[in-house]
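Student: First the structure, which I've put down as structure tokens, then a few questions once you've had a look.
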Amino acid sequence: MSRITTGASVPEAEAVPAEATVPRTPLPERRAAHLPSGSTGARIGSARTRGYLLLAAPAILFLIVFAAYPIVITIVNSFRDVTVVGLVTGIMPFVGFDNYVEVLTDPQFAHSTWLTVVFTVFSVACQFLLGLGMALLLNGRFRGRRALAGLLMVPWVLPIVVIAATFKWMFQSGNGLVNTVLRAINPDLAVGWLEQATPAMIAIIIANIWFGFPFAMTNLLAALQTIPTAVTEAATVDGANGFQRLTKVTLPMIRGPIAILLTLQLIYTFNVFELILVMTGGGPAGGTSVVTYYAYQLGFEFFDLGPASSVTVLMLIFLSLISALYIRLSTRSESRR
């Protein structure tokens with residue numbers, strides 16, 4: 001059967017030149033077309049900023065009233081002769097740096113500074129070591145691990161006044177728990193813990209260690225859990241024992257969190273006050289009067305508010321430097337991640 005064709009042939013479709021195609025709009029320009037114009041975007045950004053400021057206003061007001069204002073007043077009072085009568089009459093003459101000179105030349109301030117160094121160094125070191133030991137234990141796998149972790153957190157959640165009252169009873173010379181146990185071992189081992197300067201400081205350090213080690217434990221446990229198990233397993237395969245894995249692998253890998261933790265512990269321990277107030281009241285004979293309690297005595301027992309303010313300012317300067325160190329270490333740790 002032959003193919004039937006028409007007389008006129010169908011014209012072929014003409015090819016469209018490449019230069020005649022419509023150019024595709026680049027992606028950034030297409031996105032920009034859907035964004036608000038400059039004035040509209042500025043209005044939206046301004047509205048959002050006002051909304052954020054409105055939400056933050058209560059916190060800002062709280063900081064101004066309860067933090068910034070007292071700090072400013074304390075700094076001003078450190079340069080004035082502030083007495084109880086002066087607070088009533090409003091007569092508080094400017095004395096320049098006399099309050100600072102009086103404090104820095106006071107032997108009791110030097111003694112309180114030394115006690116603060118001793119209290120802080122031993123507390124922070126023991127809190128860290130005990131917290132590290134508990135963190136290494138909880139980082140393992142065993143039954144009851146969660147229950148043990150919750151039990152070890154109890155000291156951190158208890159009010160510090162409750163802890164101070166409990167340890168004050170435990171270290172009483174008569175029927176205190178510690179001396180009762182010591183007498184059961186040997187009657188000569190009983191000590192007047194809160195009646196002598198050195199034993200009283202030891203008792204306060206023990207109480208502060210018990211209160212603060214859960215904070216170190218929690219932070220170190222979180223840091224340990226960031227270490228890949230493959231790293232420690234490789235060290236074990238290479239023949240490293242437990243101590244070598246700890247000192248050569250584990251601790252170097254978490255040195256950033258350790259530095260931040262030690263800085264925070266230093267700040268917290270330096271500010272300890274309630275523990276000393278309840279347990280010893282700064283005694284005996286000023287044997288536990290750290291700088292915070294020394295400032296409290298000047299202001300609220302001797303009503304010498306000018307020197308008390310100058311001690312507070314010196315503490316503020318020291319803690320500001322430590323806080324700056326914390327911020328630097330924290331920023332460096334984040335950048336390494």
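Glycine is no exception: its Cβ is also placed from the backbone N, Cα and C atoms.
Dumping what TrEMBL says about this protein:
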REGION    1-22  region 'Disordered'
COMPBIAS  8-22  compositional bias 'Low complexity'
TRANSMEM  52-76  transmembrane segment
DOMAIN    113-326  domain 'ABC transmembrane type-1'
TRANSMEM  114-138  transmembrane segment
TRANSMEM  150-171  transmembrane segment
TRANSMEM  191-211  transmembrane segment
TRANSMEM  258-285  transmembrane segment
TRANSMEM  305-327  transmembrane segment
Student: So which residues does the transmembrane segment (305-327) touch in its own chain, when a touch means Cβ under 8 Å and the partner is 6 or more beyond its ends?
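Tutor: Cβ under 8 Å, 6 or more out: 71, 74-75, 77-78, 80-84, 87, 95, 98-100, 102-103, 106, 109, 260, 263-264, 266-267, 270-271, 291-292, 294-296, 298-299.
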Student: Thinking of Cβ pairs under 8 Å, which stretch from 52-76, 114-138, 258-285 has the most of them with the transmembrane segment (150-171)?
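Tutor: Going through each listed stretch, the top one turns out to be 258-285.
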Student: When you look at the transmembrane segment (114-138) alongside the transmembrane segment (258-285), do they share 3+ Cβ pairs under 8 Å, ignoring any pair fewer than 6 residues apart in sequence?
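Tutor: In contact, yes.
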